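Annotation comment: Swiss-Prot describes CYS100, CYS103, HIS104, CYS138 as heme 1 binding site, evidence class similarity to another entry. The heme 2 binding site annotation in Swiss-Prot covers CYS202, CYS205, HIS206, CYS247. The substrate binding site feature in Swiss-Prot is assigned to ARG243; the stated evidence is similarity to another entry. Annotation source Swiss-Prot lists domain 'Cytochrome c' at 80-166. Annotated signal peptide per Swiss-Prot: 1-26, in sequence order, evidence recorded as sequence analysis.
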Amino acid sequence: MTVSKRFLAPVFAMVGGLVLAFSANADPVDEELVIDDIPMVTRAAAPEGHPFDEGLSGWLFREAETRETEADSFANPGMLAVERGADIWNTVEGSAGKSCASCHDDAATSMKNVGAQYPKWDADAKRPINIELQIDKCRVENMGAEPYKFDAEGQVALTSYIKHQSLGTPVKMDLSDGELQDWWEKGKELYYTRTGQLNFACASCHEDSMGKYIRADHLSQGQANGFPTYRFNTGGMVSLHNRFRGCIRDTRAEMPKAFSDELMALEVYVTWRGTGLSVETPAVRQ
């Protein structure tokens with residue numbers, strides 16, 4: 001059988017009686033994304049050691065309606081979470097009588113580019129810290145407030161608001177920070193480890209089958225640069241660790257806890273795979 005680069009015969013995976021069909025390839029669109037007059041980098045030269053020559057935003061793999069919705073801030077439902085996050089930013093909570101703004105003033109200035117640099121190394125906890133965990137650390141240590149429960153409305157909204165201040169900024173983590181490189185290695189191992197009853201790894205869909213269709217979903221590289229993301233199929237915002245857990249659930253494997261060592265290592269590695277792509281939060285996906 002002759003196999004071309006673009007058109008491949010359907011591939012079937014059968015595990016435990018479940019058949020998954022990976023159908024013919026379809027190239028990502030050749031379009032430019034501009035949000036609020038800010039050009040987004042949706043194609044970026046991959047860093048050394050990356051499996052692809054080019055990092056590709058998931059926006060390039062979505063249907064026209066989804067792409068158009070993200071490009072229009074007035075139409076993007078995820079902007080409601082950003083607006084809610086702005087309210088929380090200025091709301092006093094906790095025994096210290098402080099809000100986020102009490103220490104950080106105008107987020108447009110103090111949080112500019114911050115979302116493109118996380119995860120970072122937390123020397124106190126001796127592990128990586130992401131935006132959500134940094135919010136909780138500030139709430140507990142500086143505000144005297146309770147940490148958010150995972151995926152609480154306030155946590156997702158405030159994370160969206162903070163990351164939105166980096167809209168258009170290319171993702172760039174510093175792997176020389178603390179022990180991040182070691183966690184990158186752990187995350188890479190997890191990314192390629194097959195698990196669950198379906199015996200799938202992250203790489204099974206987002207590397208080996210990137211560009212193919214599984215059911216009606218055009219498989220992308222699984223980039224993290226748009227999270228938290230508004231998803232049409234859930235009708236709401238989805239955090240990165242929610243998405244990780246959802247993918248793991250779909251392989252019929254036991255789900256790790258959010259912000260566990262496993263998922264923090266995975267976040268470090270997956271974020272690195274999107275080096276150079278613009279922060280799109282809140283991205284819109286199907």
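From the backbone N, Cα and C atoms, a Cβ is placed for every residue, glycine too.
Not measured: the values here are computed from a predicted model.
Around the Cβ of HIS206 (heme 2 binding site), the same chain contributes LEU219, SER220, GLN221, GLY222, each under 8 angstroms and 6 or more positions distant in sequence. Between the CA atoms of the residue listed as 'substrate binding site' and CYS202 (heme 2 binding site) there is a gap of 12 Å. For the pair CYS103 (heme 1 binding site) and CYS247 (heme 2 binding site), the Cα-Cα distance reads 37 Å.
Between the farthest pair of Cα atoms in the heme 2 binding residues (CYS202, CYS205, HIS206, CYS247), the distance is 11 Å. Site extent for heme 1: among the recorded binding residues CYS100, CYS103, HIS104, CYS138, the largest C-alpha separation is 11 Å. In sequence order, LYS98, SER99, ALA101, SER102, SER110, ASN142, MET143 are the same-chain residues whose CB sits within 8 A of the CB centroid of CYS100, CYS103, HIS104, CYS138, the residues recorded for heme 1 being left out.
Of all Cβ atoms in the shown protein chains, 24 besides its own fall within 10 Å of the Cβ of CYS202 (heme 2 binding site). Look at the binding-site residues HIS104, ARG243 and count other Cβ atoms within 10 Å of each Cβ; HIS104 has the fewest. Take the mean position of the Cβ atoms of CYS202, CYS205, HIS206, CYS247, the recorded heme 2 site; other residues of that chain with a Cβ within 8 Å of it are PHE200, ALA201, ALA203, SER204, GLU207, GLY222. For CYS202 (heme 2 binding site), the nearest of the binding-site residues by C-alpha distance turns out to be CYS138; the candidates were CYS100, HIS104, CYS138.
Put simply, CYS138 is the one of the binding-site residues CYS100, HIS104, CYS138 whose Cα lies nearest to the Cα of CYS205 (heme 2 binding site).
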